[in-house]
Amino acid sequence: MEKTQSVFIRFIVNGSLVKQILIGLVAGIVLALVSTPAAIAVGLLGSLFVGALKAVAPVLVLMLVIASIANHKKGQKTSIRPILFLYVLGTFSAALVAVVVSFIYPSTLILVAESADITPPSGIVEVLHGLLNSIIANPIHALLNANYIGILAWAVGLGIALRHAADTTKALINDMSDAVTLVVRVVIRFAPLGIFGLVASTIAATGFGALQLYAQLLVVLIGCMLLVALVVNPLIVYWKIRRNPYPLVFACLRESGVTAFFTRSSAANIPVNMEMCKKMNLNEDTYSISIPLGATINMAGAAITITVLTLAAVHTLGITVDLPTALLLSVVAAICACGASGVAGGSLLLIPLACSMFGIPNDVAMQVVGVGFIIGVLQDSAETALNSSTDVLFTAAVCQAEDAKLANPDPLAAGKSV
C-alpha cells in the first residue's frame, strides 16, 4: 500500500506535466458529461489557478528582465550580431505572420466580460499615448495593477543600472530570479487541476461548442508555427547562405525540434543544440553564446502565441483593429516574446501585456491565459519546438555564411544524429 502511494506521489510531483494535463483535460470533459452541477462547482479550481497566475506573472517579468540585463557580460568578442539580427527578424516575422493569419481566420473565445468594462482605443495615436503613459507609471503601482508595459520599462532601466553593480549584488538578483522562477514552476504544477476545473466548468456552462472554438484556435496557432518553420525561416536562411535551406531546416527540426517538443523548455534543450552545433563543426566561440542567448530571446513561437491569442480576445470582444495598430502589435508581441525566457508556458503569462494595448482589463486577459493553458498541451510543445530549433538554425546559417565554407547537402553528414 505504501509503495503504491509512493508511486502515486512521485507521479504527481515529478511526473510528466503533459500527461497530467491530458488526464485533467479528459477528466474535465467526463465530469461535465456526468454531472453539470459538479462540473460548475469544480470551476473554483480553475479560478484559483488563474488567480495564482495573475499574482505571480508581474513579479516574474520584473525579475527575469532585471537579471538578464544586469548579468550581461562585456567584452565577449564573437560574430553574434548577425545571429542576433536573425533572432529579431525571425521573431518579428513570426508575429507578422500571426497577425495576417488571424485576420484571415479570426478565432472566438469563451470569455466572461461585460462590454461596458472595455474601452478600446480609437487608433494608433491613442494606443501610443496609452503606451507612453504606461511606461512612466510608478513601479509599485505597475506591479499592483499588472501594468506590464510599466513593469518592463522599470525592469530594463534597473537592469541597465545594475550592470555596474558588485558581483554579490548580481548574484543576489540571480538568486531572486531563480526563486521567482521556482514559485512559477510550483504554480504551473497545479495546471492539471486548474485545467480540469476550467474545462469542466466551461463545457458545463457552454457545451461542446467551446471545444470546437478552441480546436479552431489550436489549428490557427499550429498552422502559423508550421508556416514560419517551413516557409519564413527557410527564406531567411536562404537569404543568408544562398543555397537550398531545407536540408539544414529539416536537420534542425529533426535533431532539436523533436526533443524540444517533449521537454517544452528551450533552456532544457540547450545541451542538445550545443551538441548539434559541435557535430556541424560550427564556431564554438559563437554558438556557446548564441544558443543560450537564443533560449532567452529567440521566441518566434511565443510571438505567434501572444499575437494569435490577443487578436482572438480582441475579435471576441468586438474591438476593431486598424492596420497600424496591428503592426504595432507585431512589434510588441516580438518584444514580449523575448521575456518568455525558456519557462514552460512562459509566453502565456505575457499575453496580458499585449492585451493591455486594446484596453482589455487584466481579469479578461487572464481568462485568455486560461484558454491558452487548456490548449497548451500541443501549443506549448509546438511553440518550444519552433523556438529551440530556430536557435540552432540561425546560428548554423550565420556560421556557415561567415566561414564561407558551404557544408554538405546534409549538414549532419559528417556525424550521426544526436
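Positions of Cβ are set from backbone N, Cα and C atoms, glycine also.
The annotation transmembrane segment is assigned in Swiss-Prot to 21-41 (among others). Using a Cβ-Cβ cut-off under 8 Å and counting only residues 6 or more beyond its ends in the same chain, the transmembrane segment (21-41) has close neighbours at 191-201, 203-205, 211, 373-374, 376-377.
Sequence annotations record features per position, and here Swiss-Prot assigns transmembrane segment to 49-69 (among others).
Sequence annotations record features per position, and here Swiss-Prot assigns transmembrane segment to 83-103 (among others) based on sequence analysis. Here the transmembrane segment (83-103) has Cβ contacts under 8 Å with residues 220, 223-224, 227-228, 232-233, 236, 240, 286, 290, 293-294, 297-301, 303-304, 306-308, 311-312, 315, 326-327, 329-331, 333-334, 337-338, 386, 390, 394-395, 397-398 of the same chain, all six or more residues outside its ends.
The transmembrane segment feature in Swiss-Prot is assigned to 142-162 (among others).
What Swiss-Prot lists as transmembrane segment is 190-210 (among others).
Residues or ranges marked as transmembrane segment by Swiss-Prot: 217-237 (among others). Cβ atoms under 8 Å from those of the transmembrane segment (217-237) belong to residues 86, 89-90, 93-94, 97-98, 101-102, 105, 107, 109, 245-246, 248-249, 253, 257, 300-301, 304-305, 308-309, 312, 371, 375, 378-379, 382-383, 386, 389-390, 393-394, 397 of the same chain, restricted to positions at least 6 beyond its ends.
According to Swiss-Prot, the feature transmembrane segment maps to 299-319 (among others).
Residues or ranges marked as transmembrane segment by Swiss-Prot: 331-351 (among others).
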Mind checking which residues of the chain, 6+ beyond the ends of the transmembrane segment (49-69), have their Cβ under 8 Å from one of its Cβ atoms?
142-143, 146, 148, 151-152, 154-156, 158-160, 162-163, 173-174, 176-177, 180-181, 183-184, 187, 190-191, 193-195, 197-198, 296, 339, 341, 343, 346, 349-350, 352-353, 362-363, 366-367, 369-370, 373
